[in-house]
Amino acid sequence: MLYPLLGLFGLCAGVTTLLFGFGGGFFAVPLFYALLLASHGAGTAVAQHAMQIAVATSATVMIFSSALATWRHHRAGSLHWDLVRPLAPAIALGALLGAWVALYVTSAWLRWLFITYLALSLLDAWLRPGFVHAGEHHLAPLGRAGATLVGVPIGALAALLGVGGSVMTVPLMRRRGASMRTATAMANPLSLPMSLAATLVYALLPAGQPDLGPGLLGFIDLRAALVMTVGAWLGMHLAAPLLGRISDSVHARTYLALLACVLLVMLVNGR
């Protein structure tokens, strides 16, 4: 039963990565976290490090899901590479810092950080003008200082929580006048440097943790990552016909509804 569920998690992650730029983390982290708690006793090492394992495995899946989604958006002509390039190095730097911090935070603290981050992001996007309704305007690339100021926190939070940068980059681009199609497309290449940097940290730096069992490299569950990656590929294939066919307002409202669903899952499945 474990692997079919992981494949289903990956499929959901693939759909939301392609259409909403989530990178897979917003589905993979809470669902895999809940599955780890359900399949291991409360006193086991895996249960005690469930959030770290979920976050690290999600970051690994994001390498592949974000790369595939970036390629599809590039082919569809919805990517603005001049806006992406200035942010990528700063996001990678932030990701190294965020993943390093996550190694020293308890699973319970990490879970509540995830919940708080989701709740604040949801409220901010819903209450502040410019997210649900935004028109397409010309977007100027950020300068070096601006890209560093914005990119480092995005990368740090995304790597710390195992999510793509979508929850910060999409609202940012919406308020600068981008359509949902443009904003979500940009989130995928910006998730790539984050996921690469975070995966290296989660794989190589954990030291002194208890034996978590076979199939784990650091905090990364390699078998789960493989199954979810295959599921994500299938999900993107199924979602591809919808690219560019969802109205902007429906796209924005659905994005917020998905954030609310993930927040509910994390609240219900915590310990």
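Just so you know, glycine gets a Cβ as well, placed from its N, Cα and C.
Annotated transmembrane segment per TrEMBL: 6-38, 50-71, 83-102, 109-127, 147-173, 185-205, 225-243, 250-268, in sequence order.
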Positions whose Cβ lies under 8 angstroms from the transmembrane segment (147-173), at least six residues beyond its ends: 17, 20-26, 28-29, 54-59, 62, 66, 83, 86-99, 101-102, 105, 110, 113-114, 117-118, 121, 124-125, 131, 139, 180, 182-184, 186-188, 190-191, 193-195, 197-198, 201, 255, 259
Stretch-level contact, the transmembrane segment (250-268) and the transmembrane segment (50-71), CB cutoff 8 A, at least 3 pairs: no
